[in-house]
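S.K.: Can you keep this structure in mind? I'll have questions shortly.
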C-alpha cells in the first residue's frame, strides 16, 4: 500500500520510497538517497512555512504549523540557554584571567562582545607551560615627523597571537619581523629599518595641551614586566616609534608640569606678598580712624540708648488707663462692643 502511495525512490529509481522531503516533496527509500538528493539539488530538507496552502488542505497543515511554532520556541529557548551557558563558561575563564593579571599588577578591561578586538583576542592561560600567552596589537608609526602622533595609525596596525609572558619584547618583535610576512610588510610600510633604533611605548594618559602621553618600556624586559602598572583594553597595544621621533613621555610631561607649577607658585607668592602689604596698610588706616572717632561715637550711642529708653516708657504709660487697667485694643465694630461688655478686653 505504501508502495502505491509513495511510489519509487526519486534518487535511485530502484527501491520503493518510504520517506518524503518536507521541502520539495521528493520521495526516498533511505538516508543515503536523501543525502544524495540534498547534494545534487541543494535542497535544505526543511519545510517552508511561507508556502501557499489551498483552503481544502488547510486542516491537514495545522499540525505542521503547530510543529513549526513549537520548533521556533524551542530554538529561541535553546539559543538563550546555550548562549547563557557559553557566556558563563567564557566569562568564568576571563574572570580568572583578569584576577591573575591584576595580581601581576596589570589592570585589564575587557571589551563588549561586538568589539573587533574582542573577536580577535586569543589571550589565554596555557596549562602545559603554565604561562599566559598574549595577543598583542602592534601600532607602527611612520618615521616622518609631520604625522600627528594622536592618530591611531590604523593602516600600520596588526594583531599577533601566542606570545608567552616570559619572553622579552625585543625578541618577540624580531621573531615576528623575520617569520611573519604581514608584520614585515607593515614594518617596511612604516619606514622602520633598523630594529635597534626603535622605541616601544604604551599609552599612559591624554593631556589637553600635549595630546597622548606615552610610557616608555624597555624592550629587553619580559612582556609581563613591560605591561606591569599599565592599563590594557582587551589586548595590549604597543606603539613602535623610531628613535628620532619626538614623543611626549611621562618623564618629559612631569618635568614641564613641575616647571609650570614652580612658575605659578612664584607668581602666586608675589601676589600674596603684595596683598599682605596692602591689607596691613588698610588695617593701620582703619585703626587710626577708630581712635580718632571713638569719643564721639560713645556719646552718640549713649544718647541714642537714652532716647530709646524714654520712648519705651512713654509707650507703656499710654497703654495703661488712669485706674491702672490696660488700654483696650481696637476690635472690629461687629464683635468689639460685645466682648467689651463682657469685660474680656
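Numbering starts at 1 and runs along the chain as it is shown here.
Using N, Cα and C of the backbone, Cβ positions are placed for all residues, glycine too.
Got these off Swiss-Prot a minute ago, pasting:
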- 9, 12, 29, 33: Zn(2+) 1 binding site (BINDING)
- 9-43: zinc finger (ZN_FING)
- 21, 24, 37, 43: Zn(2+) 2 binding site (BINDING)
- 245-345: region 'Disordered' (REGION)
- 250-272: compositional bias 'Low complexity' (COMPBIAS)
- 273-284: compositional bias 'Acidic residues' (COMPBIAS)
- 293-310: compositional bias 'Polar residues' (COMPBIAS)
- 294: phosphoserine (MOD_RES)
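Quick one: how deep are these features, and who are their neighbours?
M.R.: In this structure, residue 29 (Zn(2+) 1 binding site) belongs to neither helix nor strand by DSSP; it is coil.
In this structure, residue 24 (Zn(2+) 2 binding site) belongs to neither helix nor strand by DSSP; it is coil. The Cβ of residue 24 (Zn(2+) 2 binding site) lies under 8 Å from the Cβ of 41, 43, each of which sits 6+ residues away along the same chain.
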S.K.: Other than 9, 12, 29, 33 themselves, what residues in this chain have Cβ atoms within 8 Å of the centroid of the Zn(2+) 1 site's Cβ atoms?
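M.R.: Same chain, not in 9, 12, 29, 33, Cβ within 8 Å: 8, 10, 11, 13, 14, 15, 17, 27, 28, 30, 32.
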S.K.: Check the zinc finger (9-43) for me and report the mean pLDDT.
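M.R.: The predicted confidence over the zinc finger (9-43), as a mean pLDDT, is 87.
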S.K.: Compute the mean position of the Cβ atoms of 21, 24, 37, 43, which form the recorded Zn(2+) 2 site, and then list in sequence order the other residues of that chain whose Cβ is within 8 Å of it.
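M.R.: Same chain, not in 21, 24, 37, 43, Cβ within 8 Å: 23, 25, 26, 34, 38, 41, 45.
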S.K.: Roughly how many Å separate the Cα of residue 29 (Zn(2+) 1 binding site) from that of residue 21 (Zn(2+) 2 binding site), to the nearest whole number?
M.R.: 11
